[in-house]
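The structure under discussion appears below in the form of structure tokens.
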Amino acid sequence: MGHFKRNLITTALPYANGPVHIGHLAGVYVPADIYVRYLRAKGEEVAFIGGSDEHGVPITIKAQKEGVTPQDIVDRYHNLIKKSFEEFGISFDIYSRTSSKTHHELSSAFFKKLYEEGKFIEKTSLQFYDEKAGQFLADRYIIGKCPICGNERAYGDQCEACGTSLNATDLINPVSAITGNTPELKETKHWYLPLDQYEDWLKKWILEDHKEWKSNVYGQCKSWLDNGLQARAVTRDLDWGVPVPVEGAEGKVLYVWFDAPIGYISATKDLTPDWEKYWKDKDTRMIHFIGKDNIVFHCIIFPAMLKAEGSYILPDNVPANEFLNLEGDKISTSRNWAVWLHEYLRDFEGKQDVLRYVLTANAPETKDNDFTWKDFQTRNNSELVAIYGNFINRALVLTHKYFEGVVPERGELTDYDREVMAEIPQIIEKVEKNLDNFHFREALKECMGLARLGNKYLADTEPWKLIKTDESRVKTILNICIQIAADLSVLSEPFMPFSAAKLRGFLNIAPVAWESMGADVVPAGHRIKEAGLLFDKIEDEEIQKQIDKLLATKKANELASVKVTPAKENISFEDFQKMDIRVGKIVAAEKVAKTKKLLKLTIDTGIDTRTVVSGIAEYYTPEEIIGRQVSILVNLEPKNLKGIESQGMILMAANADGALSFVSPDKEIKPGSEIR
Ligand SMILES: Nc1ncnc2c1ncn2[C@@H]1O[C@H](COP(=O)(O)OP(=O)(O)OP(=O)(O)O)[C@@H](O)[C@H]1O
Ligand SMILES: [Zn+2]
């Protein structure tokens, strides 16, 4: 860590309007947790900071929709998120929240200091106001057509279809999300951080002094800086958030993107009274873990805020990830297109490490990546089970079988033994180097290389054959295997902490220091415990269940998004009266030979008994519909269908996907009764 004395590791504050999904995990929390566990294992001082982001418009809109308070919404999701992070082994030193008292006080004081030192610009501007709701409409309270891509449901601050950030006044045909009214422009006063004044300083700080930042991060910063920075409003007309602590600012709160990053500071303050050493001492190395949509806030806006304030340190690195998709589609909370962490923990009990492994092996480190359930299954079965688990199992089982669970003495080494043992420190070094540079995928691959090495060593030396002829050779081989297993329990801990603990249990050892790896940590004569399985095979049925769940979501989304067709032209009552619709009863039904869709129905219409051919065979079997009451148009011109004369038509309601349903009276009605 060079000249730094301690580390302050922050993770993006998840927005408390939904649970955490695998995209959040892969982008932010898993890499951050790996990094923190690694630092701790090396004896570094670390504060690992997280918390929920609980302000802003989407939360108030959700509350309004559900008829509850914003506090109800954030309590629900904060508690769910906090608990699932805990169960998943994200080892925060504190998981706080921005509705806390500490945070309100600290962010308010932060604003006040900047205000008093004249760091803001005060501007009056025209903003949309909803007369009927009696309030100004901030950000997502305004919906309209995107001027860039034409998306009809762009928000006042951003179009989610094309990603453009917008001003509400850019929208075509803006309407209020509260009342649906067309809002009017009205004057309001806000405070702005003049980012343009920080442009030169930011250019030097990022483009010259931080050339080592990941290229996706550096590139995004460069493009923002090249385009020129503008003053940004840091307040909003809203009643949910941190009130603006200035006279004449009633009904205004801090913009959620102003208060959220200050949440890192207040969380640290909640963690320790000694919080200032983390935030105000140049010997602290601060690192922000985030996803790509947060880069501008963490590399440009928050640093400018910190610089304006003057007493805080700046981040040393911002290793932002790109995005994870799910089965080829963008993950989305509102469309329920996600694998939710709390559901995973319930469906795959005890398999935290499998998900941690897959999300790391497939992390969107340099480009967007895709999560698929098939890949999840394959990586579990042919990597975790077949390589890591298999090696551990064989090493432990053979030690029990041949030496009653007592680690044997190591005898004379062959060249091959020496070669294998010499590889261990090389692997460790590669893991370290990759972790130091935030290359988590590669680090995990190298770590698995140690399990591969052990597996290959066993396969090459075949102790199960040698045991009959050369027991002392088998002792040496198994001793070496046990040392590799012990090293794995250390090296894999940052990535797969649950399995590492399990493995230490099998080996009957206490946690081993990172520096002791490669140095024979398990002495001969040590007794190991009974070995269980480190990983279990995941069967097709389990995976199919998850895939089916996603298919159901997809279908529900498709149905929800189908537009209802507009009403047809008006007709006269006389036109309507021409149709003679009656209640009928199905008295017989059979499939029409050589067709897929047609049923031949015999209907008691009250007037007569007649035959109707109906295209409903994909939705109803003949047996289930006999006796059913239906609506039948009895004066429709007869028509010949597949050689059968159809005398009338059964009325059906058609779903967007084509599924058909009878339109039936909701109580018994005498056949022949008119429908009118
Ligand atoms: N699919 C994803 N892949 C990688 N990182 C993601 C993904 N979705 C969100 N993140 C990151 O997770 C962090 C927390 O996200 P936040 O709570 O702000 O949700 P969000 O971006 O609004 O996501 P969503 O719309 O899915 O709820 C952010 O740093 C964000 O960049
Ligand atoms: Zn757009």
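Placed from the backbone N, Cα and C atoms, the Cβ positions cover glycine too.
Record features (TrEMBL):
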type	residues	note
BINDING	Cys146, Cys149, Cys159, Cys162	Zn(2+) binding site
BINDING	Thr333	ATP binding site
DOMAIN	575-676	domain 'TRNA-binding'
MOTIF	14-24	motif ''HIGH' region'
MOTIF	330-334	motif ''KMSKS' region'
Using a Cβ cut-off of under 8 Å, list the residues of the same chain at least 6 residues beyond the motif ''HIGH' region' (14-24) that approach it.
52-54, 56, 58-59, 62, 73-74, 77-78, 80-81, 84-85, 97, 291, 323-326, 331, 333, 338-342, 344, 355, 359, 371
Mean pLDDT across the motif ''HIGH' region' (14-24), rounded to an integer, is what?
97
Binding-site residues whose CB lies under 6 angstroms from ligand 2, from Cys149, Cys159, Cys162, Thr333:
Cys149, Cys159, Cys162
Helix, strand, coil residue numbers for the motif ''KMSKS' region' (330-334) per DSSP?
0 helix, 2 strand, 3 coil
For Cys146, Cys159, Cys162, listed as binding-site residues, tell me which one has the smallest number of other Cβ atoms within 10 Å.
Cys162
Can you list which of the binding-site residues Cys146, Cys149, Cys159, Cys162, Thr333 have their Cβ under 6 Å from some atom of ligand 1?
Thr333
What's the CA-CA gap between Thr333 (ATP binding site) and Cys159 (Zn(2+) binding site) in angstrom, rounded?
16
If you count the C-beta atoms lying within 10 Å of each candidate's C-beta, which of the binding-site residues Cys149, Thr333 ends up with the smallest number?
Cys149
For the motif ''HIGH' region' (14-24), give the DSSP counts of helix residues, strand residues and coil residues.
3 helix, 2 strand, 6 coil
Shell list (Zn(2+); ref centroid = CB of Cys146, Cys149, Cys159, Cys162; cutoff 8 A):
Pro147, Ile148, Gly150, Asn151, Ala154, Glu160, Ala161, Gly163, Thr164
Using DSSP, what's the helix, strand and coil tally for the domain 'TRNA-binding' (575-676)?
7 helix, 43 strand, 52 coil
Please classify the secondary structure at Cys146 (Zn(2+) binding site) using three-state DSSP.
coil
